[in-house]
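Student: One structure follows; several queries about it will come next.
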Amino acid sequence: NTDQSFPGFLGSEMWNPNTDLSEDCLYLNVWIPTPKPKNATVMIWIYGGSFQTGTSSLHVYDGKFLARVERVIVVSMNYRVGALGFLALPGNPEAPGNVGLFDQQLALQWVQKNIAAFGGNPKSVTLFGESAGAASVSLHL
């Protein structure tokens with residue numbers, strides 16, 4: 001079975017059914033409880049997928065319930081995966097490898113600079129994830 005949205009690429013939707021996928025992927029999702037909090041704890045979710053597949057926009061990762069029930073701000077991020085995120089070509093400065101982790105670092109920096117505008121406390125941030133997301137958390141500590 002060839003996925004017609006990515007001609008010639010087998011299984012691009014295997015773990016992300018009915019999800020629009022694109023190289024234009026560097027986006028964040030932010031869920032804020034209502035009423036807007038002041039100085040709320042921030043929880044940042046990093047999805048897994050063996051660093052090969054995944055997206056933060058799956059319904060199972062919807063942070064609105066956690067934000068509402070726990071009165072926290074929930075942030076999830078996309079980052080480049082597969083060869084686009086983790087291909088390393090030693091000696092080639094244009095492909096140093098692990099750029100997916102750099103994408104994550106940029107998202108973390110964005111949260112630090114901007115989360116106060118959403119009612120979040122940049123000094124009270126918890127990173128969490130599953131599988132490759134959990135490994136990413138350990139790499140950022």
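Including glycine, each Cβ sits where the backbone N, Cα and C put it.
Look at Swiss-Prot and you will find N39 tagged as N-linked glycosylation site, backed by sequence analysis. Swiss-Prot lists G49, S50 with the feature substrate binding site. Summarising the annotation, Swiss-Prot assigns active site, acyl-ester intermediate to S131. Residues annotated as phosphoserine in Swiss-Prot: S131.
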Student: In angstrom units, rounded to an integer, how far apart are the Cα atoms of N39 (N-linked glycosylation site) and G49 (substrate binding site)?
Tutor: 32
Student: For S131 (active site, acyl-ester intermediate), name the DSSP secondary structure in the helix/strand/coil scheme.
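Tutor: Going by the DSSP assignment, S131 (active site, acyl-ester intermediate) belongs to neither helix nor strand, so it counts as coil.
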Student: Report, in whole Å, the straight Cα-to-Cα distance of S50 (substrate binding site) from S131 (active site, acyl-ester intermediate).
Tutor: 7
